[in-house]
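Reviewing the structure listed below.
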Amino acid sequence: MRVEYAKLDKAEMSIWQCCELLNDVVDDSDPDLDEPQIQHLLQSAEAIRKDYPNEDWLHLTALIHDLGKVLLLPSFGELPQWAVVGDTFPVGCAFHDSIVHSKYFKENPDYNNPAYNSKFGVYSEGCGLDKVLMSWGHDDYMYLVAKENGTTLPSAGLFIIRYHSFYALHKSGAYKELMNEEDKENLKWLHIFNKYDLYSKSKVQVNVEEVKPYYMSLIEKYFPAKLKW
């Protein structure tokens, strides 16, 4: 998947165009979203903006964190839901019980492979999450797109995009032994972000045209006008 999507040959468009494209996406794993995705993105972003007015990078991160879900659309390969949404987790070391549906890992050949089924597996303590291979999903795809297109978002913003579905880490505290110092700092921001990601899905509709100029200015600040996807 990483080799395929690292080609960035699926589309060329702006961040805002992708936000609008996301309205065609339905995430089956999301229990309470019966409204367009762009509403959820803007609700999260606006809630954070209210509480953290000076962290404009965090407002933008909230807006774009789920854009990788375009992988579900035909022009992006129409990947199945299980390969795009839901929990992400490290591969190459023992599967933690806190990963959703972890009992099914018993069917995975890695489960009984001594090279991969110990606590550290192919990794070492404190190696840093950047060195850890995660299961593929919308998080890693959007991280790849942002990084390869030269975003100037701070490291904490990229960390949120890349690991917001890594619930075993930020909800259950598993795999912390793989983190380095920078990861630990960034995790504090992911914890802040996550409260808004999960609980700002209100029924109050954000007026898209009203807030669009603000988010367009942030996109211009942190991203090129057109990105390769």
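Cβ coordinates are placed from backbone N, Cα and C, and glycine is handled just like the others.
Annotated Fe cation binding site per TrEMBL: His40, His65, Asp66, His138, His164, Asp197, in sequence order. Its Cβ taken as reference, His164 (Fe cation binding site) is surrounded by 21 other Cβ atoms within 10 Å in the chains shown.
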| said: Can you give me the same-chain residues 6 or more apart in sequence from His138 (Fe cation binding site) with a CB-CB distance under 8 Å? | reply: Asp66, Leu67, Gly68, Lys69, Leu71, Val84, Val85, Ser165
| remark: For the binding-site residues listed (Asp66, Asp197), most other Cβ atoms within 10 Å of the Cβ sits at Asp66
| query | Which residues in the same chain, at least 6 apart in sequence, have a Cβ under 8 Å from the Cβ of His65 (Fe cation binding site)? | reply | Leu41, Ser44, Met142, Ile160, Ile161, His164, Phe193, Asp197
